[in-house]
Amino acid sequence: MTWRSPLAVVRDALRGQRARDKDLRNLVSNLPYEGLDKAKQPNRYFPSNAIKTTKYTLLLFIPMNLYEQFHRWANIYFVGLAILNFVPVVNAFQPEVALIPICVILSLTALKDAWEDFRRYQSDRKLNNTPCFIYSRKEKQYIDRRWKDVRVGDFVKVLCNEIIPADLLLMHTSDPNGVCHIETANLDGETNLKQRKVVPGLCNSDSEFDPESFSGIVVCEKPNNNLNHFKCYVEKPDKEKVGAGIESLLLRGCTVRNTDHAVGFVVYAGHETKSMLNNNGPRYKRSKLERKLNTDVIFCVILLLSMCLVGAVGHFLWLQALPGVPPYLVPDSNGHLDSPSLSGFYMFFTMIILLQVLIPISLYVSIELVKIGQIFFITNDIDLYDEETDSRMQCKALNITEDLGQIEYIFSDKTGTLTENKMVFRRCSIMGTEYPHKENAVRLAVLDEPETEEEVIFNQRPRPPQTGWSLNAEDTIPEDRQHRHGSRRKSKVSGNAQSDVAFSSPLETEVIPDRKLLQQISRPECSGGASRQTDPYLDFFLALAICNTVMVSMATAQRRRVSWFSRSCQTNTPLDTVSNLVKKAGSLRHIFTSWQRKPKQNRTLSEDSVIEEDHFNPPVKTEGTGDTNGLQTCTLHALSRYNRPAATSDNLSYEAESPDEAALVHAAKAYGFILLGRTPDSVTVRLPSGEELVFEVLDTLAFDSNRKRMSVLVRHPITREYVLYTKGADYAIMELLGTPYAEHLSGSQKNIAADTQHHLDCYAKEGLRTLCFTKKVVSDKAYESWLVNRKSALAAIDNREELIMDSAVQLETNLSLLGATGIEDRLQESVPDTIVALREAGIQVWVLTGDKPETAVNIGYACRLLEEEDLVINMSCENKLTCTSILDCTLEEVRRYSQDPRNVDTTPDISLVIDGRTLTMALSSDLQDRFVELARRCRSVLCCRVTPLQKSRVVKAIREKLKVMTLAVGDGANDVNMIQAADIGVGISGQEGMQAVMASDFAISRFKHLKKLLLVHGHWCYTRLANMIIYFFYKNVAYVNLLFWYQFFCGFSGTAMIDYWLMIFFNLFFTSVPPIMFGIMDKDVSAEMLLGVPELYRTGRGAGEYKRSTFWVSMLDAFYQSLVCFFIPYLAYQDSDIDVFTFGTPLNTISLFTILLHLSIEIKAWTVVHWLTMLGSVAVFFIVTLAYSATCITCNPPSNPYWILQSQMADPMFYLICIITTVVALLPRYMFHVLRNSIAPSPLMQARHLDRLDPYSRDQWIKEWRSFRGGGCVKRSRLSTPPSPTLETPADIYPQSSTTSDIMGDEFTLNVITENSQRPRHTRNNDSLAT
């Protein structure tokens, strides 16, 4: 190794820093420089792939760990006192002994930190030494190396099922289409495969890639943590630039699937990879209780300083009052005595050392232990376990469990949080004609029967014809009754445990076609010819099958995590099933009877995929009949008209990134338009006739939150036309057509657009999610012109996203409407009950969704976020002036209502519905206060059409303006901002990956679990911890005050009448475990009462148990008890000849009994653990003290505690003093509890009385009480319609089938939804406010 001057090293380091800080990096291949010194390597300034996540090194562990621990002020305080005790003039105890408590605390914490860091070191070493293949120019092949050897500029080869070692720009794959499939579960939790494609134009996909032939320059952006964006281009030797994005980047930590091998160029390595930049570790949050605790610690410090000041002044006055120099005041070596004032100054610090326990050093450790215990019980609660997904509650933030009992506002997503996120295809509209799919509705109606579980029904599908199918109910009932209920739960768990691919339940994948639509699409199949190529029904279903990102692979494709699947268990589509059964049984009644009664058939699924079969090709076999036209007589489909070849079954696996896409692909499949394959350049669809069309994919215009749509540009295989299929939100698509009544549209187009809009509105009112589908034929000239702009946008680095979006918008114009779809997203189980319970608990629930207002309102009523008697204010404004007016008018009416003396003790049932555009205006700086004030007075708020950024802005505005505790709950990546903005974030492990869970503090699998998590565990955690903290303060003050009162009788000399070892043991062993068990296991009210009476949650919210008054009452009680515990023994032993330790031993014993019995008064639910810890603490006290008195004669010279307790226990007066003193000390607290609970019992006390009833009587009382209350906690009153400029005329009733123009005025509407005996009725003003 050559010597380098320090100046050269510094210069090189500065150059490296500049290279790493540049916005753009120029990377070249390392192969031409292989074997040269590092100084000659072109990419030497960028870090290697070795990672280091440890915090400490072996040499610097002790100083760095102490530095970390001294961030806690309590540790600095106690170390300072221990050091102060080494100063001879102020020491109160033997200096070495004073170090023991803080040394124990610091050592235990250091051992824990060292163990955690050692585990990180082992993990790093294992990861860095993982084998991989790196190309070597000398060897002319890929050689086996380690991850830590990878450098930026290397070529790395990754095999199937291997983990990617660094961020690689994909250069070559074994797939002839240049495709590589990766699984990103390690990064975002999503198990569905992502498709990556090679950078185009760099190598020939037909031949093996030669890394040595690569001579381009890779220009990429500076590393960042955005997993969804990557800007890069490759500059070829001829200066041609080829753009590449995230679709060509293989991320470190992902796994290659379904691809034999892939070769990539390393662009980021080690700590610069996107996965490492996202690895921020656990987030630290301080709970509300912890902030209060710190305030009270300050009060204790002030109290300590006051007591020390009293001791210092008392010592000064005592010395001043002495007539001479007593013999026990020993002068220094010079014969000099300190002056009284100086001695008083020294005594101030001596008193701090003596009374230091007033600041509870063990409290912080105890709180950590209590929270760990609470989390253990929460995560192991069987009611929070989800059997279907085999998942339980997760606590990711260990220090805010008590905040679960303080929640005032909940902000919830809708899709996947309140709903199942299982999209069910329900209806569609094609060319202005609506197809209701009644047959499919019948199937779904069966699923709603209360005793039928979804998975059982769908897995009780008929066996293939060759195995036979019995419709004889009598033959199946005995076996069914024997196994149905017992096996249902087991099979449900096992089935889900073996399939972790999203959107794959039979509820989503099976669709029974509409009879009328099936007949319609069969006509072009029979006619053939050119008409088929221009048929709108064909285009509609092609759009369903093509316009998506659904990946297709054979179920037998390589994915080694998949260990097995059964070929013998062929799966029939519901269409074939129903067709065969109709022929055999002749009625749907027998079909659904069979579905419900037949025992569940054992069926195995691939672990990561759903096995689909093509049931349009195999001919349907009929038994016992020669009627070849049987299928034509079936009202469900007309498949016999199709001229099908005798094809074999195709086992296809569909993997979608969203449930909507999966539902649409399966709907198209139900009609015979089967998506067979997708590559970056082509998509293959099989038509119902069996003909396969291979569309050349020219470009995919991906979905984004601004455009609210996606498009696929393909070349038709028959007409060779450029065709653009687009799908998106109705309002985004209709604008591209022009308004439904635009003048430039032809007559038929006007009718189609108007009718489709009418159907969309009806779908939305039924709560269905809507999408519009369009088609556009692009001319050759327009395509060539557009392609130039598109390529320049893809190759851009600056403003790349904006340029790409602009190019997409340029093409998506003058679209031809094909139709629309309505997809149902069902509510999760018990969502209405949960929302009602949370509202009764005093928690305001907001729902923030991207859905249409009509869809959101419908779901709001279904989940009881909105009630029929509510006054619903629907805010939808076009400009800020109208938004200001509507806010002012509504606020004025609400204030006028609350000021009316007739409305005392009533609350208006107001709910607010606001769309995203209006919300943006309402959250502006000048209107935010008015919006927050209005929202505060509303019982519930529903925000529609909101973006992820708006969600987080709403949460921040409410949290900061109202100073309330907020909780946000969501299930998808679009909810991450909202979850992180709230005080507590809850992620739901649903079907949209694990991004929300990974960003959250707590993770649940169902929204209903929020009810018990907050109302029970939240209440328990807060009350337990609050009571334990108050008890800790009381315990320390009561014990320390014994030493303080003694100072009045020893000249304030800082002398202790209790042996210091026993003082240490008192807090370390004798009284430490009972309060910890109290904080972990106490239950003031049972879970059944807390769930049955949600209003009890209000009692612990806000100040709750931890009030300022409660703290000071406990302090006063501690002073009183310490006075009693000191002066009763003092008076009893007055004028006797006992020594100081003989006097201190009864005080120590009395203090122990008083403190433990005080805790026993506070314990609400006694368990065996409580009894064991209480009796165990007393036993340990006597055993340790007796042993110490017998053996430790000179442990703390010059004191001698020999045989003191033994002598005391032989004296009857010792027992009498202990009993009388303890009773007198605890009598006031006991009498206070008795009188308070007898004269003015709190709601919690009343609930505890009910807990003593037998369960049946208790449940009956709760039912009667709830019916008497009417389900609300306060008297309700109807709010009159606000008289404002926007409501000048009596309200009209919405027509059943209103259109957009009916619902929204020119500028804004204030919709008031009032009560109706049948269903909610919508009223609105006829006039809009002039702007």
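Note: Cβ is positioned from N, Cα and C throughout, glycine not excepted.
Over in TrEMBL, the protein carries these features:
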- 73-91: transmembrane segment (TRANSMEM)
- 97-115: transmembrane segment (TRANSMEM)
- 293-318: transmembrane segment (TRANSMEM)
- 345-367: transmembrane segment (TRANSMEM)
- Asp413, Thr415, Asp971, Asp975: Mg(2+) binding site (BINDING)
- Asp413, Lys414, Thr415, Glu661, Phe703, Lys727, Arg769, Thr849, Gly850, Asp851, Arg945, Lys951, Asn974, Asp975: ATP binding site (BINDING)
- Asp413: active site, 4-aspartylphosphate intermediate (ACT_SITE)
- 455-497: region 'Disordered' (REGION)
- 483-492: compositional bias 'Basic residues' (COMPBIAS)
- 599-628: region 'Disordered' (REGION)
- 997-1241: domain 'P-type ATPase C-terminal' (DOMAIN)
- 1046-1070: transmembrane segment (TRANSMEM)
- 1111-1132: transmembrane segment (TRANSMEM)
- 1138-1159: transmembrane segment (TRANSMEM)
- 1171-1193: transmembrane segment (TRANSMEM)
- 1213-1232: transmembrane segment (TRANSMEM)
- 1275-1301: region 'Disordered' (REGION)
Determine, using Cα-Cα distances only, which of these binding-site residues is closest to Thr415 (Mg(2+) binding site): Phe703, Gly850, Arg945, Asn974. Gly850
Return the single residue from the binding-site residues list (Arg769, Arg945) that has the minimum number of other CB atoms within 10 Å. Arg945
The domain 'P-type ATPase C-terminal' (997-1241) [mean pLDDT, rounded to integer]: 90
Cα-to-Cα gap, Gly850 (ATP binding site) vs Asp413 (Mg(2+) binding site), nearest whole Å: 9
For Arg945 (ATP binding site), the spatially nearest of the binding-site residues Asp413, Asp971, Asp975, using Cα atoms, is Asp413
Taking only the binding-site residues Asp413, Asp971, Asp975, which one has a CA atom nearest to the CA atom of Arg769 (ATP binding site)? Asp413
Count the other Cβ atoms sitting within 10 Å of the Cβ of Asp975 (Mg(2+) binding site), across every protein chain shown. 31
In terms of Cβ proximity under 8 Å, which residues at least six beyond the ends of the transmembrane segment (1046-1070) contact it? 92-94, 97, 100-101, 104, 311-312, 314-315, 318-319, 347, 350-351, 353-354, 357, 362, 1036, 1039, 1126, 1130, 1140-1141, 1143-1145, 1147-1148, 1151-1152, 1177, 1180-1181, 1184-1185, 1188, 1192, 1195-1196, 1199, 1201
Excluding the flanking five residues on each side, which residues at least 6 beyond the ends of the transmembrane segment (1138-1159) place their CB within less than 8 Å of a CB in that stretch? 1031, 1034-1035, 1038-1039, 1042, 1055-1059, 1062, 1066, 1070-1071, 1074-1075, 1078, 1121, 1125-1126, 1129-1130, 1174, 1177-1178, 1181, 1185, 1199-1201, 1204-1205, 1207-1208, 1214, 1217-1218, 1221-1222, 1225-1226, 1229
Within 10 Å of its Cβ, which one of these binding-site residues (Thr415, Asn974) has the largest number of other Cβ atoms? Thr415
Long-range Cβ contacts under 8 Å made by the transmembrane segment (97-115), restricted to residues 6 or more beyond its ends, are 55-56, 61-62, 65-66, 68-69, 75, 78-79, 81-82, 85, 91, 353, 361, 365, 1060-1061, 1064, 1067-1068, 1196
Of all the binding-site residues given, Phe703, Gly850, which has the fewest Cβ neighbours within 10 Å once its own Cβ is left out? Phe703
Hey, what's the Cβ neighbour count for Asp413 (Mg(2+) binding site) at 10 Å? 30
Of the binding-site residues Asp413, Asp971, Asp975, which sits closest to Phe703 (ATP binding site) by Cα distance? Asp975
Local Cβ density at Asp971 (Mg(2+) binding site) - other Cβ atoms counted within 10 Å: 33
Nearest-integer angstrom distance between the alpha carbons (Cα) of Asn974 (ATP binding site) and Asp413 (Mg(2+) binding site): 9
